[in-house]
Amino acid sequence: MASLSRWPQLPGWGRGRPCCSSHNTKLRHRATGPSGEGTDAVIILEKTPFQEEKLSDLLKKHVKLELQMRNDIYSTYHLYPPPELSEIKTTVVFPATEKHIQKYLRQDVHLVRETWEDYTQITLPFIQSQSFSVQWVYNILEKKAEADRIVHENPDPCDGFVLVPDFKWNQNQLDDLYLIALVHRRDLKSLRDLTAEHLPLLRNILREGEEAVTKRFGVAASRLRVYLHYQPSYYHLHVHFTALGYEAPGSGVERAHLLADVIDNLAADPAFYQKRALTFALRADEPLFHKFR
C-alpha cells in the first residue's frame, strides 16, 4: 500500500487552491509508492449527510459551541461535534493518471452541441484514440472485485447487468442513495450506441433495478432518478440510480437523460440517438473541447 499518512494541498491544484464546495473538497497529493517513487493521487473529502437517528445524540452530547452572531431571535454558532458524529467520507484514486487529475480540477465549463456528424467525425475518433481503461468495470462483471457488494444481477450476456452501490455512497443513509447498473455486453460505449435492438436490455435495467432497490433499501421507484450520462465519465454503458431528493453530480439537464425517456425515444424511433443533436458540458482544458473549438 502507498503511504497516504500526510495529505498536503499542493500549489497549482484548482488554480492555486483545492476544488471544493460546501460539502466536498478534492486535493491533489504526491504519494509515496511501494518502491519509494512519488506518484500523483487524488483525494476526495466529502461531508456525509446527517443521519436522522443520530441528530438527538448531536444535540444531547457535550459539544463545543462558539457564538458567531446574535440578532434578536437569530443566532449562529460554530459547532464542533464529537469524533463519532463528524465522519468525513474519503475516496482515494491512486495512482492517478492525468485524466483523473483533470477530471477533478476546478475549471471553466462550456456547453457543446454535438450533431451526429460531429459524433462520427470528432467525438468517436477521439474516444477510439484514447486509452480509457474500464478494467475496474470488467473486474466487477467477472466477480474479481466487489462481488460482495452486488445488489442485483441479471446474468444474461446480451440483456443483463450488474447493480452495485456507487463509490460516492457510503450506504449509511438513504438521502444520498447512489447505485450503478453496469451492462454485461462490452460493445456499448454510450447513449450514442443505443438503438431499438437494445430496448430489452434497457427495460430490464429499469424494471429489475427499481425492484431491487425497493426490495433491498425500501425506496420506491417513484423516489428514484434513473438516468444515463452523456458524455459519460467512462465508456462502458452504465445507468445511474440515485435518490430523487439528492442533487447528485451530473444530474443536471445538460448531462442526464432519464432512462424511461430513452426507452420511449427508441420505441418511437429506433435510430433516435443517431439522428438528434446532444448537448453536454466540457471543461475548458479537456482535449475533446479543443477539438470542437
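The backbone N, Cα and C atoms fix where each Cβ goes, glycine too.
According to TrEMBL, the features are:
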ACT_SITE  HIS238  active site, nucleophile
BINDING   TRP136, GLU146, ASP166, LYS168, 229-240  substrate binding site
Statement: Here the recorded positions are HIS229, HIS238; the one whose Cβ sees the most other Cβ atoms within 10 Å is HIS238
- prompt: Just checking, which of GLN231, SER233 (binding-site residues) has the fewest C-beta atoms within 10 Å of its C-beta?
  reply: SER233
- prompt: Could you tell me the C-alpha distance between HIS238 (active site, nucleophile) and ASP166 (substrate binding site) in angstrom, no decimals?
  reply: 11
- prompt: Tell me which residues of the chain lie with their Cβ under 8 angstroms from that of ASP166 (substrate binding site), as long as they are six or more apart in sequence?
  reply: TYR178, LEU179, ILE180, HIS240
Sparsest-packed among the binding-site residues, when each Cβ's other Cβ atoms within 10 Å are tallied, from TRP136, TYR235: TRP136
Candidates LEU237, VAL239: member of the binding-site residues with the richest Cβ shell (10 Å): LEU237
